[in-house]
Amino acid sequence: MALVYQPMMQLSGILVSLLGWVLSCLTTYLPQWKNLNLELNELEIWTMGLWQACVVQEEGGMQCKDFDSFLALPPELRISRILMFFSNGSGLLGLLLSGFGLDCLKIGEGQQEQKKRLLLFGGMLFWISGITAIVPVSWVAHSTVQEFWDENIPDIVPRWDFGEALFVGWLSGFCLILGGSLLNCTICSTEVHPSSVHYAVAEQQDQCQRLETETRP
């Protein structure tokens, strides 16, 4: 059972981590980190991402403009760019390392210790990738909440709200951490060697033979 359970758990960890990495890359380039709905003009919705600001019009579609300067961005957006790039890079490296460490892969079949190390490093990279994806998303969400409830800003001034990219980023971080945990759990699980399986089968056969001889008249 363990010989079948371990590769399935490894494959599940890889697939969950791959989903988290794709969502992390999607979060990096989505322009909906913040949404602004103007009460005076309900036909327009402004959005802001890490790279550009967009306006969504009911009749004219979406028009976007890239930010002119990196240094002119708010601190949370500048740091978020760096952290999301780091999350995408570490997630990709984790996929490569853990992919070569899978038991179902025939490459390096006789080097189990090296494959364990690859899985361990891949799982740790997934953890790092997940954390570095959650941190910028949570930071932007925290600054958005502070600005939304800032009493120094008049009530007539429109406030930014959570965008869809924040929820995608939280989901990507959760998937990356879960995938890394599944991979590392397979390393900590006990392995059943083929020799022990043959020994158990032989012992069971001996018991059956003794039982037959005892029941004979």
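Cβ from N, Cα, C; glycine included.
TrEMBL does not curate its annotations; it predicts them automatically.
Distant neighbours of the transmembrane segment (12-30): 49-51, 84-85, 87-88, 91-92, 94-95, 98-99, 102, 123, 126, 129-130, 133, 137, 163-165, 168-169, 171-183, 186; these residues of the same chain sit at least 6 beyond its ends, with a Cβ under 8 Å from one of its Cβ atoms. Residues or ranges marked as transmembrane segment in TrEMBL: 12-30 (among others).
Residues or ranges marked as transmembrane segment in TrEMBL: 79-97 (among others). Cβ atoms under 8 Å from those of the transmembrane segment (79-97) belong to residues 14, 17-18, 20-21, 24-25, 27-28, 33, 50-51, 70, 118-119, 121-126, 128-130, 132-133, 135-137, 139-140, 176, 180 of the same chain, restricted to positions at least 6 beyond its ends.
For the transmembrane segment (118-142), same-chain residues at least 6 beyond its ends with a Cβ under 8 Å from one of its own Cβ atoms are 10, 13, 17, 20-21, 24, 27, 33-34, 76-77, 79-80, 83-84, 86-88, 90-91, 93-102, 162, 165-166, 169-170, 172-177, 179-181, 183-184, 186-187. Per TrEMBL, the feature transmembrane segment maps to 118-142 (among others).
TrEMBL lists 162-183 (among others) with the feature transmembrane segment.
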